[in-house]
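Q: Below you'll find the structure I mean.
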Amino acid sequence: MEESNRSSTVLFDKYNIGRLLGTGNFAKVYHGTEISTGDDVAIKVIKKDHVFKRRGMMEQIEREIAVMRLLRHPNVVELREVMATKKKIFFVMEYVNGGELFEMIDRDGKLPEDLARKYFQQLISAVDFCHSRGVFHRDIKPENLLLDGEGDLKVTDFGLSALMMPEGLGGRRGSSDDLLHTRCGTPAYVAPEVLRNKGYDGAMADIWSCGIVLYALLAGFLPFIDENVMTLYTKIFKAECEFPPWFSLESKELLSRLLVPDPEQRISMSEIKMIPWFRKNFTPSVAFSIDETIPSPPEPPTKKKKKDLNEKEDDGASPRSFNAFQFITSMSSGFDLSNLFEIKRKPKRMFTSKFPAKSVKERLETAAREMDMRVKHVKDCKMKLQRRTEGRKGRLSVTAEVFEVAPEVSVVEFCKTSGDTLEYYLFCEDDVRPALKDIVWSWQGDDDEDDVTTNDNVDTNDNKINNVS
């Protein structure tokens with residue numbers, strides 16, 4: 001019996017898994033239904049043995065999870081949950097039932113300019129948001145742009161995406177900090193600088209691909225087409241394309257600035273948003289804060305026990321302590337699926353110091369004031385730091401708390417409370433690291449030698465799902 005005709009099966013008592021929607025290079029995607037709500041979902045199933053056999057596959061899966069965790073936007077397909085058994089990994093994602101934008105173009109040909117503009121506006125909103133989180137898609141094409149039941153665009157397939165984090169968060173420092181060096185994507189949509197394979201700006205490469213998509217929406221075909229690959233590359237390098245006569249003057253002017261071979265001369269995201277053609281009937285999409293995606297559950301009520309007469313009230317005058325388990329798990333990084341089952345509510349950074357907590361706290365406060373941050377003491381070993389200037393999403397606010405592991409060992413934890421997540425990461429790496437290097441013993445994750453580890457501390461009851469393969 002074909003997999004697409006199999007009866008529904010149950011995954012972890014939470015989802016009914018139904019028909020096969022599609023098959024990729026190393027995954028199968030099924031239609032599913034959340035049992036408690038009846039909501040439709042898409043479930044990507046990956047066999048672990050396929051992951052371990054293929055070099056770089058674990059890294060790719062880890063990257064896709066990390067990327068999609070950062071992105072909560074109405075025009076980006078949402079990753080809802082990650083689960084695993086001994087043999088399989090399951091991505092539970094938003095189900096988008098309107099099909100691919102590619103299918104619409106293939107079926108209907110060119111779109112009316114107003115409809116093409118709407119999809120381009122939503123694409124730019126989504127891609128600009130991704131860039132603000134440090135994510136470059138690198139494979140933007142109509143096949144990776146889906147349409148929902150309301151006719152709105154959704155960006156999907158982050159398997160090739162590059163997550164640009166500062167050093168210590170997965171990125172690397174060097175003379176070409178901001179350049180990517182992996183040739184990804186589909187040739188007809190790929191920017192000239194990517195094809196040259198000499199390093200490129202991921203944001204500008206995505207903008208080129210957005211230009212290709214806009215051309216395809218308006219024309220019904222691609223701007224650069226040739227059966228000979230080398231001839232195709234030559235056309236892309238020179239941006240040799242013709243505009244059909246039905247293109248409006250305004251759309252041609254925008255495309256002429258999008259499809260520029262030199263990325264330094266190519267139009268930027270902020271400039272695109274100022275173009276009158278783009279702004280016509282534009283309604284900005286409202287992104288969701290990553291901190292608001294899943295609220296923290298309320299603490300269960302507990303009975304207050306009577307205090308011993310000799311027991312002191314916790315007035316916050318001394319630092320909280322870390323036990324050994326908390327310390328080890330907090331300072332460890334690497335690919336651990338069990339860490340991916342919970343939505344991370346607050347982006348955190350942490351370092352250890354061989355100085356007493358009191359000394360660390362004083363040094364931290366001095367450094368914050370030198371960085372022109374407002375400092376407010378929440379309690380004796382916890383403070384709130386706030387930038388005086390507005391950032392991309394308001395003023396960056398961070399809490400810093402000092403914990404005592406031993407009399408001469410302290411842990412400092414930074415946690416973003418408001419503002420832009422990428423701005424927060426850059427604050428930790430570019431401002432805090434240099435300012436506190438004299439007291440830091442080790443930053444979280446810096447000592448990990450293996451980028452990929454395995455962990456079987458997950459639900460291993462494979463009998464809960466029998467028919468998905």
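Here the Cβ of each residue, glycine as well, is placed from N, Cα and C on the backbone.
Annotation source Swiss-Prot lists active site, proton acceptor at ASP139. Taken from Swiss-Prot, the feature ATP binding site covers LEU21, GLY22, THR23, GLY24, ASN25, PHE26, ALA27, LYS28, VAL29, LYS44. Under the heading compositional bias 'Low complexity', Swiss-Prot lists 454-469. The domain 'Protein kinase' annotation in Swiss-Prot covers 15-278. The domain 'NAF' annotation in Swiss-Prot covers 317-342 and rests on sequence analysis. What Swiss-Prot lists as phosphoserine is SER161. Annotation comment: Swiss-Prot describes 157-193 as region 'Activation loop'. Marked as region 'Disordered' by Swiss-Prot: 290-320, 447-469. If you look up Swiss-Prot, you'll see 346-376 marked as region 'PPI'.
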Q: Near ALA27 (ATP binding site), which residues of its chain come within a Cβ-Cβ distance under 8 Å, counting only those 6 or more away in sequence?
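A: In sequence order, the residues whose Cβ lies under 8 Å from that of ALA27 (ATP binding site) (at least 6 apart) are LYS44, VAL45, ILE46.
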Q: If one measures from the C-alpha of THR23 (ATP binding site) to the C-alpha of the residue listed as 'active site, proton acceptor', what distance in angstrom results, rounded to a whole number?
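A: That separation, Cα to Cα, works out to 18 Å.
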Q: Neighbour count, 10 Å Cβ-Cβ cut-off, for the residue listed as 'active site, proton acceptor': what number do you get?
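A: Excluding its own Cβ, the number within 10 Å is 19.
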Q: Are there any residues at least 6 positions away along the chain from VAL29 (ATP binding site) with a Cβ closer than 8 Å to its Cβ? List them or say none.
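A: Once residues fewer than 6 apart are set aside, VAL29 (ATP binding site) is near LEU20, LEU21, GLY22, THR23, ALA42, ILE43, LYS44, VAL45.
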Q: Work through the binding-site residues one by one (LEU21, THR23) and point out the residue whose CB has the fewest other CB atoms within 10 angstroms.
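A: Ranked by other Cβ atoms within 10 Å, the binding-site residues LEU21, THR23 bottom out at THR23.
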Q: Restricting attention to the region 'Activation loop' (157-193), give the mean pLDDT.
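A: Mean pLDDT, the region 'Activation loop' (157-193): 49.
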